[in-house]
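A.B. asks: Dropping a structure here in structure tokens format, bear with me for questions.
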């Protein structure tokens, strides 16, 4: 895990939210507060504790979580907040990208094409009807879908092809890719439900995948920097041994 100091409070707050909402069932006046609290607290802890992160990566990861929490609150706590929430989530994903996109060697073409096709299907089925009602909302949601797909493509490419200083199929890159895969699943279910598609246990699936995705992305980032620190330490010891 990224750090017990991050994992234990986060899991505890998600469990508390599950209990307070009677299984992620939106029946209480404080539902949106409890839903936002786990990711918001993870953002604060990530910045204060660091869990192996330093410098800009620490700040960017905390900001990615913070804007995710804000976006989640806007979507649930305001009427027709899907587009406004997508703006906040999009900003959060851009901050996440700044922690890992620069390490890519090349995009995985097959994965990128598959994500483009999936993104096109989501736009055609679920975002186009919104665009007909509000061009601005449709454009925002379409742009957000592209940002999320790009994040997934880059994280998957890092796992498949390795990075400038890591071999392919490293566990830290798998964690990030798994997190973004779950993020895509969560957001796809969310917008499908918003457009009236019946999904059994939708709220449970959406929130379970969302909370898991956020933590996996943070875990992958923390592990990446821990591995980098270990490589630097080994290199320094090797120099001193010569």
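For all residues, glycine too, the Cβ spot is worked out from N, Cα and C.
According to TrEMBL, the feature signal peptide maps to 1-23. According to TrEMBL, the transmembrane segment annotation covers 33-53, 60-76, 82-101, 113-131, 137-159, 171-193, 205-224.
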A.B. asks: List, by number or range, the same-chain residues at least 6 past the signal peptide (1-23) whose CB is under 8 A from its CB atoms?
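C.D. replies: Hits for the signal peptide (1-23): 30-31, 34-35, 37-38, 41-42, 45-46, 49, 51-52, 204, 211, 215, 218-219, 221-223.
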A.B. asks: Does the structure show the transmembrane segment (82-101) and the transmembrane segment (205-224) touching, where I'm treating 3 or more Cβ pairs under 8 angstroms (sequence separation 6 or more) as a contact?
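C.D. replies: Taking Cβ pairs at least 6 residues apart, the transmembrane segment (205-224) and the transmembrane segment (82-101) are in contact, with 3 or more under 8 Å.
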A.B. asks: Excluding the flanking five residues on each side, which residues at least 6 beyond the ends of the transmembrane segment (113-131) place their CB within less than 8 Å of a CB in that stretch?
C.D. replies: 82-83, 137-139, 141-142, 145-146, 149, 152-153, 184, 188, 191-192, 194-195, 197
